[in-house]
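Notes to accompany the following structure.
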């Protein structure tokens with residue numbers, strides 16, 4: 001039984017030295033002098049702030065994408081011992097000694113380096129030659145824009161890595177499908193495809209483009225499986241179930257998990273809190289939580305409350321009033337009621353306090369026993385500091401004339417009676433007997449006399465309204481909207497009936513009685529919605545560009561300038577590679593259309609296996625370029641050259657594929673093949689020369705002359721090449 005111990009245990013493995021060499025060269029190109037420059041470069045000023053927030057566990061919100069990419073960068077800072085203490089206030093600021101620059105830039109650099117051998121493997125898995133695979137890897141290696149982007153604390157190289165990993169994993173899974181379905185490697189590559197897709201989406205929403213591409217190719221494969229008569233119904237069902245779990249369920253679970261870790265790490269109040277709801281803010285340690293933690297939960301008649309607009313647009317604000325009145329005559333000649341102004345004020349203020357009064361009683365305090373306010377109850381809202389009642393009437397609002405003016409009623413004895421009864425409607429109630437709750441309940445106030453709904457219009461009042469936000473009575477609300485909903489943020493039970501004592505009470509901090517928590521799913525849903533709907537400042541940037549300018553490379557970005565010398569770093573692509581990639585994409589589209597038309601006429605220029613290989617390569621490479629590029633024409637946001645880099649990587653993969661196809665199927669004679677080979681050699685030499693010429697702008701480690709500094713666009717880069725030769 002122990003005979004196997006008499007012989008040594010031997011394990012053999014195949015090592016592709018090409019992949020090893022490409023990995024080593026890729027690491028050298030990305031990691032060489034990684035700490036230079038030791039200064040904040042372009043968007044490092046933003047990502048660095050987020051890393052500091054992670055180190056200090058302070059909540060933040062970035063509308064550019066989910067948090068997985070930020071957490072990867074923060075992981076580099078954590079491994080380097082970064083404590084988060086650095087002021088990320090300007091581009092070019094010198095890093096202090098406590099900032100581990102090498103560690104912070106390491107993960108993007110590794111992702112950029114590993115993309116080189118991954119390009120080789122993708123072309124190989126598409127069943128093209130070793131030379132074509134080497135060509136794709138070498139183009140990834142020498143492309144200047146990819147080198148520049150991967151050597152900095154930025155996310156594009158990490159996004160590209162997971163895009164390529166998703167494609168490579170699916171191709172390996174697809175090839176395993178032909179030989180040994182449901183084996184260990186089959187499951188591994190299928191699962192890794194879903195994980196990589198989720199990571200790509202978790203870094204930036206742009207990753208969704210490649211995810212949809214993979215889902216599209218997987219759907220076509222699944223459709224062919226359904227039609228395979230050699231498979232039983234049970235086998236087909238298992239195939240479809242495995243794909244659904246790996247490509248739909250696992251990515252969704254991982255995506256939620258990213259946010260779970262994000263919210264677990266960031267549990268402290270921070271500068272972005274005001275964007276979130278009161279309930280979200282109260283779930284964070286410090287900030288609003290110190291004020292609201294343990295407030296009375298149930299709003300009762302006599303409660304003193306501050307009412308925050310649920311929408312938070314255009315600014316988070318609170319229902320507010322003050323002594324000033326509306327002007328009798330507006331600038332356009334319209335008249336007003338000259339009543340006390342009611343606005344929405346974006347700052348904490350004692351004039352934000354209101355008292356919930358029972359219309360049938362005079363008391364402004366909470367009686368015993370407690371009488372909570374329920375859905376459907378009629379209330380009056382009394383302004384705490386002026387004791388005037390919230391009122392609306394058939395008078396046009398100052399800036400929104402189709403809506404009613406909202407005011408605090410002043411009795412001028414001019415036959416304009418008070419109309420100050422409001423019905424409380426709890427929007428997120430579970431039943432019609434729900435009690436109005438602090439922070440948790442979203443309520444609408446419906447005016448009893450006119451059925452108008454209290455609404456934040458969002459318009460800024462003129463100087464007479466102190467530039468505060470207009471509040472109106474919406475006569476015919478079309479549907480529920482956050483601008484018509486309010487929630488109680490600060491709350492206390494009123495104890496003083498006398499006005500002076502009540503004013504002192506309103507100035508004092510709220511009391512602590514009980515605590516409450518917001519569930520993870522509620523916080524996840526709110527954070528996800530804010531990220532998708534929050535619009536950042538889309539003002540024109542000095543280096544912004546259009547998608548058409550990317551293809552022609554008629555744009556660049558100055559990332560960094562040495563404060564004392566002329567050394568600098570620019571995001572500038574290799575014109576030979578970019579132009580060749582565009583030509584290859586156009587050539588593929590024309591050839592595919594030509595073959596398709598001829599096949600429709602039953603003329604098959606390619607053998608069936610070559611045709612299938614050609615179609616798959618186009619779906620992956622040309623399709624990858626299209627889905628990562630064309631959507632930007634529909635986006636209304638500030639765009640930069642680096643947005644094109646994910647699409648460029650797929651063009652780079654397509655270029656050697658098209659060249660091999662031309663050599664194998666379109667060159668009819670040896671002379672034509674020799675001529676094509678000579679052109680490819682000349683083209684490769686040109687690409688290497690241009691890459692070397694642009695090297696000072698890629699690494700920024702060399703002083704440049706005045707003439708060389710002019711070469712910031714592709715048309716000027718030829719001048720550098722000519723001068724060097």
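Even glycines carry a Cβ here, placed using N, Cα and C.
Because the structure is a prediction, the values reported are computed rather than measured.
What TrEMBL records for this protein:
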- 15-32: transmembrane segment (TRANSMEM)
- 68-88: transmembrane segment (TRANSMEM)
- 100-120: transmembrane segment (TRANSMEM)
- 126-147: transmembrane segment (TRANSMEM)
- 154-174: transmembrane segment (TRANSMEM)
- 186-203: transmembrane segment (TRANSMEM)
- 208-226: transmembrane segment (TRANSMEM)
- 246-267: transmembrane segment (TRANSMEM)
- 296-359: domain 'MIR' (DOMAIN)
- 370-427: domain 'MIR' (DOMAIN)
- 431-491: domain 'MIR' (DOMAIN)
- 571-594: transmembrane segment (TRANSMEM)
- 614-634: transmembrane segment (TRANSMEM)
- 641-662: transmembrane segment (TRANSMEM)
- 674-694: transmembrane segment (TRANSMEM)
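Sequence-distant contacts of the transmembrane segment (15-32) (same chain, six or more residues past either end, CB-CB distance under 8 Å): 106, 109-110, 112-117, 120-121, 130, 133-134, 137, 140-141, 147, 150-151, 699. With a cut-off of 8 Å between Cβ atoms, the residues of this chain six or more beyond the transmembrane segment (186-203) that come close are 65-69, 72, 155, 158-159, 162-163, 165-166, 169-170, 172-173, 176-177, 180, 210-211, 214, 242-243, 246-248, 250-252, 254-255, 258.
Mean model confidence for the domain 'MIR' (296-359) is a pLDDT of 90.
Counting only same-chain residues 6+ beyond the ends of the transmembrane segment (154-174), those with a CB under 8 A from a CB of the stretch are 42-44, 47, 65, 69, 72-73, 107-109, 111-112, 114-115, 118-119, 121-122, 125-126, 146, 185-186, 189-190, 192-193, 196-197, 199-200, 203-204, 206-207, 210-211, 213-214, 217-218, 221, 620, 624, 628, 642, 645-646, 649. Taking H, G and I as helix, E and B as strand and the rest as coil, DSSP gives the domain 'MIR' (370-427) the counts 0 helix, 26 strand, 32 coil. Counting Cβ pairs closer than 8 Å to the transmembrane segment (571-594), the top stretch among 100-120, 126-147, 208-226, 246-267 is 126-147. Proximity of distant same-chain residues to the transmembrane segment (208-226), defined by a Cβ-Cβ separation under 8 Å and at least 6 residues beyond the stretch ends, is recorded for 163, 166-167, 170, 174, 177, 193, 197, 200-201, 236, 239-240, 243, 247, 251, 616, 619-620, 623-624, 627-628, 631, 646.
The stretch in 68-88, 100-120, 246-267, 614-634, 674-694 that contributes the largest number of Cβ pairs under 8 Å to the transmembrane segment (126-147) is 100-120.
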